[in-house]
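Down below is the structure, laid out as structure tokens.
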């Protein structure tokens, strides 16, 4: 494959991507198709049983109209289920979580603006807020990534490892740390506090949130069965979890993207022209790290030869 021209490698990459899409769709269709049909049949059976028992008391089409209104309100995060003492949909913690889901592109979908003014504000808010959020993340990335390179240099020096091996070990350690701190640990807490979801669903929610997929099928406290104070604290905790977790995920992805193995794979599909300034800087940084691992007796002849 190394003999392929750069222009011939992109169709190969696109074909692999399309193949992955097709395989994913086929697997999900096989896994989710039968449960969806069973749920649909169960819903139709319950609706038929309800109409058979109470159909004489309802005008024709009244139940369908009521269900349609309730489902339309549910799309916007408005529900009439529960008692009147529960928190409103657009209280301050919920509004903060909604704005955070916009700026982090998570988009749970459990809430949506109803008014025309709210929709227009969301457009303007996202247009101005998304670039500001990206600039903030870029600034934090520039400040924190150099700190994450120190463990790799320490491992390479004290364990006498090659820079590539040390960087791979540090990236794997960071990935395990982020997965345990921001996926497994919050999933265990969510599993313990909200008994209606199992551990797999809690892990699924944490991963979908930090990967900004945000399908919205699972939300902590979504049933509003918790005490209002606990529910508000949970909303604020989820807000902080999103901001810190997304930053940790970004740093992890950036750390893996800087690995020599990943850069070599990206370079394979890139141009075969001259090295860019970023590539030259990465090579110089690796050379400096490699020279720092050599003992003084081995580094002195090399320096003398270059004089």
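Backbone N, Cα and C atoms are what each Cβ position is placed from, and that goes for glycine too.
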Where TrEMBL places transmembrane segment among the ranges 202-223, 268-289: 202-223
Tally of DSSP helical, extended and coil residues in the domain 'Potassium channel' (87-140): 37 helix, 0 strand, 17 coil
Of 123-148, 168-190, 229-253, whichever stretch has the most CB pairs under 8 A to the transmembrane segment (92-111): 229-253
Per-region confidence, the domain 'Potassium channel' (87-140) (mean pLDDT, whole number): 82
Same-chain residues at least 6 beyond the ends of the transmembrane segment (123-148) whose Cβ lies under 8 Å from its Cβ atoms: 99, 102-105, 170, 174, 246-247, 250-251, 254-255, 258
